[in-house]
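Structure first, commentary second.
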Amino acid sequence: MARTQAEPPASQPDARAAWLRDQLERANHAYYVLDQPDLPDAEYDRLFRELQQLETDHPELVTPDSPTQRVGGEAAGGFTPVVHDAPMLSLNNGFADEDIVAFDKRVADALAKTTDLAGSVTDPVEYACELKFDGLAISLRYEQGVFVQAATRGDGTTGEDVTENVRTIRSIPLKLKGKHVPAVLDVRGEVLMFKRDFARLNERQRAAEQREFANPRNAAAGSLRQLDSKITAQRPLSFFAYGIGVLDGMPMPDTHSALLDWYESLGLPVNRERAVVHGAEGLLDFFRKVGEKRESLPYDIDGVVYKVNRRDEQERLGFVSRAPRFALAHKFPAQEALTKLVAIDVQVGRTGAITPVARLEPVFVGGATVTNATLHNEDEVRRKDIRIGDTVIVRRAGDVIPEVVGALLDRRPADAAEFVMPTECPVCGSKIERLPDEAIARCTGGLFCPAQRKQALWHFAQRRALDIDGLGEKIIDQLVELNLVRTPADLFNLGFATLAELDRFAEKSAQNLIDSLEKAKHTTLARFIYGLGIRHVGESTAKDLAKHFGSLTPIMDASIEELLEVNDVGPIVAESLHQFFAEEHNRTVIEQLRAPGKVTWPEGPPAPKAPQGVLAGKTVVLTGTLPNLTRDAAKEMLEAAGAKVAGSVSKKTDYVVAGAEAGSKLAKAEELGIPVLDEDGLHQLLEGNTP
């Protein structure tokens with residue numbers, strides 16, 4: 001948002017008011033006309049409240065074109081203007097509990113509600129409470145029950161004709177239900193996009209290499225205001241009705257809650273998260289309950305709305321210039337706010353991911369004080385053009401990690417510095433690498449890096465790797481936090497006395513883990529490679545590497561070209577392997593693991609050709625429980641004999657090995673006439689004898 005003048009101080013009310021009007025009008029134009037909002041809601045609200053207060057303190061400063069005297073933005077070009085039969089007003093906002101109590105008191109006083117000697121209202125006001133959706137307000141006009149026109153709010157008096165686009169919203173009925181419909185009905189409501197639909201839309205945008213939307217509100221607004229309704233038809237928009245403009249040919253319902261019930265009977269979509277309450281206490285209780293479930297709702301809301309329920313009381317209360325006196329929007333703490341970005345550091349995740357983190361001047365947003373926010377990755381920093389020293393928009397929603405949405409370029413200082421991604425890990429000093437076609441840069445010091453220690457140990461110990469039974473996440477947490485284990489090699493130095501002292505670790509558990517560690521020393525090359533936790537190297541690739549090279553040293557010393565010769569190893573996997581073994585820290589840990597008395601496995605020469613036995617090239621399916629072999633052991637034996645172990649039975653299956661409680665796979669094999677073997681038959685086949 002470009003500035004045309006320096007920001008005047010509060011001591012100059014005339015200049016300050018003019019500046020505030022200019023800032024707000026520019027923000028309105030960007031939001032309503034350009035569809036490019038560039039000022040957070042919280043900042044807009046703050047500037048608006050300041051202008052309101054200035055005009056209250058200095059009535060002579062009020063101008064006819066002040067944003068406080070109007071509802072929204074002007075109609076944009078490209079759509080036919082529509083003059084609303086009844087103005088589409090916005091609502092005054094409340095933020096603190098005190099604002100709600102004051103609102104209730106104003107309403108009660110205006111309605112001359114009775115009070116007791118202590119001044120407490122004995123006849124509390126009845127309110128209808130609803131959600132405040134984060135979308136785009138529209139009006140729907142029905143004549144004799146048939147939908148004829150839709151218009152945006154615009155400036156409250158004149159909006160834009162979006163009839164053809166609204167026709168594509170499937171939740172909006174083109175004809176009202178029931179035999180008795182009004183001659184004219186002007187329905188007020190909100191067009192929005194559900195969270196799941198927003199996620200799917202952005203997936204489609206990415207797949208088509210088109211611009212993604214920042215949030216569901218922007219997506220809904222942009223979709224509704226498409227000049228081509230065919231595009232709108234492809235966008236998953238929804239609608240909720242919540243108000244009324246004009247009603248002819250029928251009496252108006254006596255209460256707002258009755259109006260919404262009537263809408264439902266007409267087939268209009270009405271949100272069910274609503275209630276009728278009494279007094280300020282009821283309002284605040286509704287607000288708290290909605291706040292607790294806010295993040296689990298399938299759509300975005302930014303507050304709740306309170307309306308005096310009785311229609312006759314609404315009429316008595318009337319309106320001010322831009323809003324009804326009988327209603328108030330109670331907004332949640334702002335999810336976006338402005339602050340200064342003072343530095344950008346990098347954080348190393350459990351898997352080695354390097355994430356830029358913004359260090360911020362403290363700002364209260366989303367109900368908490370935020371000093372740090374994620375910048376996701378280097379590409380995001382570049383795309384958003386975020387620099388050190390910028391004034392930035394920070395967003396925090398619920399329990400979601402705060403993020404920097406963007407920078408206000410018009411406020412950028414001359415000395416703002418660009419972010420430079422480090423080349424070495426700030427934790428362990430290992431090289432930082434970024435694979436082709438990946439957004440995330442990573443530390444290559446996997447086994448050595450303290451930031452990755454817990455993840456590396458957990459992966460090393462899992463069943464398909466070294467299979468260290470009893471070494472769970474809670475034990476790993478203690479071992480790392482007490483600095484007893486730095487790398488996987490340190491696991492094999494643990495003694496009974498050390499383990500027995502761990503929290504909630506009995507002597508029997510300690511001995512079981514010692515026994516499990518001793519057993520884990522005898523493994524296979526494939527399991528060991530998989531246990532190293534090399535990025536993109538799964539169980540199958542580890543087996544292919546072990547088969548191809550026969551021993552570990554040739555794998556560690558292999559060039560990318562040599563790695564590419566391995567079955568199913570492509571450029572990304574080869575690059576990942578090469579980077580891992582090129583890091584000296586990783587080689588050191590591997591040598592420690594291979595030291596005398598540590599991990600061993602049978603090594604052999606590289607396989608010059610595929611196995612030539614009766615199982616070579618055959619497809620085998622395992623099902624049920626075998627008497628003496630685990631499924632993993634049977635799978636390893638079959639693969640060593642050149643067979644492929646599949647997960648489902650088909651016409652291409654050569655054998656099915658069935659144990660106890662074999663299920664549908666056995667039935668399918670019998671149906672297709674595929675040979676079925678038990679464990680003895682499997683052993684015969686492995687020995688080269690046809691069972």
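Cβ from N, Cα, C; glycine included.
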Site co-member for NAD(+) according to Swiss-Prot, given Asp41, Ala42, Glu43, Tyr44, Asp45, Ser90, Leu91, Arg153, Glu190, Lys307, Lys331, out of Glu25, Glu130, Glu209, Glu212: Glu130
Zn(2+) site, defined by Cys425, Cys428, Cys443, Cys449: further same-chain residues with Cβ within 8 Å of the Cβ centre: Val348, Gly352, Pro426, Val427, Gly429, Ser430, Ile432, Thr444, Gly445, Phe448, Pro450, Ala451, Gln452, His585
Listed in sequence order, residues with CB under 8 A of Glu43 (NAD(+) binding site) and six or more positions away: Glu336, Ala337, Leu338
When distances run from the Cα of Cys425 (Zn(2+) binding site) to each of the recorded positions Asp41, Asp45, Lys132, the nearest one: Asp41
Residues of the domain 'BRCT' (610-691) by DSSP state, where helix covers H, G and I: 27 helix, 16 strand, 39 coil
Helix, strand or coil at Glu43 (NAD(+) binding site) [DSSP, three-state]: helix
Least surrounded among the binding-site residues, given as Arg153, Lys307, when other CB atoms within 10 Å are counted: Lys307
Set of same-chain residues at least 6 away whose C-beta sits under 8 angstroms from Cys449 (Zn(2+) binding site): Val348, Gly352, Cys425, Val427, Cys428, Ser430, Cys443, Ala456, His585
Cα distance (Å, whole number) from Lys132 (active site, N6-AMP-lysine intermediate) to Asp41 (NAD(+) binding site): 14
Distance from Arg153 (NAD(+) binding site) back to Lys132 (active site, N6-AMP-lysine intermediate), taken between C-alpha atoms, in Å: 16
